[in-house]
Amino acid sequence: MASNEIVVTSEAFEDDDGLPHPYTSEHSFATSTTNKTTNDYDNGHAWCVAFVGFLTQMLIFGSVLTFGVYFVAYQEAFPEYQPRVILWIGSLAYGIMFLTGPFSSMVISRIGTFHAMLLSATLVTLGYVTSYFAQDPYHLFITFGLFVGMAFSLAFLSCYAVLNDYFTTRLLRVAQIIITVGGGVGIFIFNAVFQFLINEYGWRGSMLINAGLYSHFFVFALVMKPRPRDVSVKRMTLGQIMAVHVLFNRKFQLFLVHVVIWNVGFMIVFSLLNSFIVEKGLTADEAALIGMVGGILNAIGRVAAVPLERVLDPKKAYVGTTVAMGLFEVLILAGGSFFGYAIPLAIANFAFGIMICYLVPVIGELVGFDNITPALGYSNFSQGIAGLLSPVLLALIEGGAKFAVGGGLTVLSGLLVALSIWMLMKERARRQDTKVLNPANGPVEFKSDQDGGHLLNSSTSKTNTAII
C-alpha cells in the first residue's frame, strides 16, 4: 500500500466469546494509517495503570464506606443537630457518587480519562480544604457531599474506562478485578487511619491532611493518561456517547434490576448489623469486632477473586456468590452468640468480596467491553436508587424480619442475574451456530495472536480503502 493511502474500517473485532474487542468500537468509524497489534497492550505500563486504579479505588471506598468514624466526630462537633441530619453528610457523598454515574460517563467520553481525573483531583482537594471551615452540617453537605461525591464518581469510572486503552480482552478481566480489590483494602485500612488523624489533629485538621492525601489524584491522572493512538474517531452524538442502546438490552435491563435489589438487601442488613447484635445481648465492642472480622473476610474475598478468575467462570461465580451472600445474611438471625453472628457474617462478606470483583467483568460480558464506561454509569445510578429505597423499607419492616427480607432480596437478585446470564449464553450459542452452519457467511478463519486471537468471518470482515 502506498504511503498516502489511509485504511478506513468500520468493523468491530470480537473475542472468542463473541464480545467486541476493547480497542475497537462497533459504534465508531475509525481511520488508521498503521496495523494495530496486541504487542501495544498488556505491557509493563498497563500494569502501572491497573495499580493506580487499585490505589484510586482504595482511596474512594476508604472514604465513603468508613464515614462512621467521622459521624461520631461530627456529632461531638455539632451537638445541636440531630444525628439524622449529620448522617446525610455521608449519605450525600455516597448517593451523588453513584447517582451521577451516567453524567460522569458522558464527561469521560467527552474529555477523556486524563482530564476527567484532573477534574476529579481538583474537586476532591477543594472539597476537603473547604470542609475545614465548616460551621454546620449544611456546609459539609456541599463541600463533602457534593464536591467529594462528584469527584469520586469521575475517578471511579475513569479507573475502568482507561483499561480499554492498555489491555486486550485476555487480561482485561484480571485488571478489572485487581482494581476492585482496592476498595476492600481501603475499607479495611482507612477506619484506623481516619480515627488516628481525628485523635491526633481533630476532625478539621484531618480534613487538610485528607486534602493532601487525595491530591494524589493529580499524579494518578498522569499515569492514567490514555495511550497515544494512531486512530481518529468520528465525532459521536450524545446518544452514542451515553451508549443509550445498552438500556434496550434486555439482559442488561435485568442486570440493573438485580443491582437495585441486591443493594437494597445489602444496605438493610449491614446498616442494622451492630444495633441488632447489641440488642441481642452482646456489647458494642463485640459488635464492632464482629464487623471488623467481616471486613477482613471481605478484603480476603477480593484478593482471592484474582487467582480464582483463572479457574472459575466469572459469570457463574458472580451468581453463586450473590446467592450465598443472601443465604448467610438470613442465617445471621440464628446467631445468639459471638461466633453465631461472626461466622455467617464472615462467610457473607467473603462471598460479597468475590462477587463485587466480578461485577465489572460481568457487565462487560453483557454489553461489550467497549460500552463498559456508560454501562458502569447506569449500574452506579441503580445503586444510588437503592440508597433511596432502603430507608423506606427499613421504616416498614419490624425487628429481625429485616434480616430475612434483606437476605431474601439478595438471593432474588442472584436468580435475576442468573436469568440474564442464561439469556447471554443462549444468544452466544445461537450466534455461533449461525456462523458455523450458515454457508452464506463463508468460511471462518483464525487470526493470529497479533490480531488478538479472534475468529473472523472472511466474507463479512471487510476493509474499505480510500486514496487520499
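The backbone N, Cα and C atoms fix where each Cβ goes, and this holds for glycine too.
What TrEMBL lists as transmembrane segment is 46-73 (among others).
The annotation domain 'Major facilitator superfamily (MFS) profile' is assigned in TrEMBL to 46-431.
Taken from TrEMBL, the feature transmembrane segment covers 85-104 (among others). When Cβ-Cβ distances below 8 Å are used as the criterion, the transmembrane segment (85-104) is approached by residues 60, 63-65, 67-68, 70-71, 74-75, 78, 116, 137, 140-141, 144-146, 148-150, 152-154, 156-157, 242, 374, 376-385, 387-388 of the same chain, each at least six residues removed from its ends.
Marked as transmembrane segment by TrEMBL: 116-134 (among others).
Beyond the ends of the transmembrane segment (140-163), by six or more residues, the same chain brings 22, 49-50, 52-53, 56-57, 60, 63-64, 74, 88-98, 100-101, 103-105, 107-108, 113, 116-117, 119-124, 126-128, 130-131, 134, 172, 175-176, 179, 214, 217, 220, 224, 226, 360, 372-373, 376-377, 380 to within a C-beta distance below 8 angstroms of the stretch. Marked as transmembrane segment by TrEMBL: 140-163 (among others).
Packing against the transmembrane segment (175-197) from elsewhere in the chain are residues 46-47, 49-51, 53-63, 65-66, 69-70, 159-160, 163, 166-167, 205-206, 209-210, 295-296, 298-299, 301-303, 305-306, 309, 353, 356-361, 364: each is 6 or more residues past its ends and has a CB under 8 Å from a CB in it. Residues annotated as transmembrane segment in TrEMBL: 175-197 (among others).
For the transmembrane segment (203-224), same-chain residues at least 6 beyond its ends with a Cβ under 8 Å from one of its own Cβ atoms are 48-49, 52-53, 55-56, 59, 63, 70, 73-74, 77, 113-115, 117-118, 120-121, 124-125, 128-129, 131-132, 151, 155, 158-159, 162, 194, 197. Residues or ranges marked as transmembrane segment in TrEMBL: 203-224 (among others).
Taken from TrEMBL, the feature transmembrane segment applies to 254-275 (among others).
Through the fold, the transmembrane segment (287-305) approaches residues 177, 180-181, 183-185, 187-188, 191, 273-274, 277-278, 317, 338, 341-342, 345-354, 356-358 of its own chain, all at least 6 residues removed from its boundaries and within a Cβ separation under 8 Å. According to TrEMBL, the feature transmembrane segment maps to 287-305 (among others).
TrEMBL lists 317-335 (among others) with the feature transmembrane segment. Long-range contacts of the transmembrane segment (317-335) within its own chain (CB-CB distance under 8 A, at least 6 residues past either end) are made by residues 262, 265-266, 269, 273, 276-277, 280, 305, 308, 341, 344-345, 347-348, 351-352, 354-355, 358-359, 362, 400, 403-404, 406-415, 417-418, 421.
What TrEMBL lists as transmembrane segment is 341-363 (among others).
Within the same chain, residues 250-252, 254-255, 257-259, 261-262, 264-269, 272, 276, 315-316, 318-320, 322-323, 325-333, 362, 365-366, 393, 397 sit at least 6 positions outside the transmembrane segment (403-425) and bring their C-beta atoms closer than 8 Å to a C-beta of that stretch. The transmembrane segment annotation in TrEMBL covers 403-425 (among others).
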- Cβ under 8 Å to the transmembrane segment (341-363), counting only same-chain residues 6 or more beyond its ends: which ones? 160, 172-173, 176-177, 179-181, 183-184, 252, 255, 266, 273, 277, 280, 282, 290-291, 293-295, 297-306, 308-309, 314-315, 317-318, 321-322, 324-325, 328-329, 331-332, 334-335, 372, 375-376, 379, 417, 421
- Query: So which residues does the transmembrane segment (46-73) touch in its own chain, when a touch means Cβ under 8 Å and the partner is 6 or more beyond its ends?
  - Reply: 83, 86-87, 89-90, 93-94, 97, 148-149, 152, 155-156, 158-160, 162-163, 166-167, 171, 175, 178-187, 189-191, 193-195, 198, 203, 210, 213-214, 216-217, 220, 223-224
- Message: Give the nonlocal contacts of the transmembrane segment (116-134) in its own chain as ranges (CB under 8 Å, at least six residues past its ends).
- Response: 104, 107-108, 140, 143-144, 146-148, 150-152, 154-155, 157-158, 204, 207-208, 210-211, 214-215, 217-218, 220-221, 224
- Restricting to the same chain and to residues at least six past its boundaries, which positions have a Cβ under 8 Å from a Cβ of the transmembrane segment (254-275)? 284, 287-288, 290-291, 322, 325-326, 329, 332, 345, 352, 362-363, 366, 378-379, 382-383, 385-387, 389-390, 393-394, 397, 402-403, 405-410, 412-414, 416-417, 419-420, 423
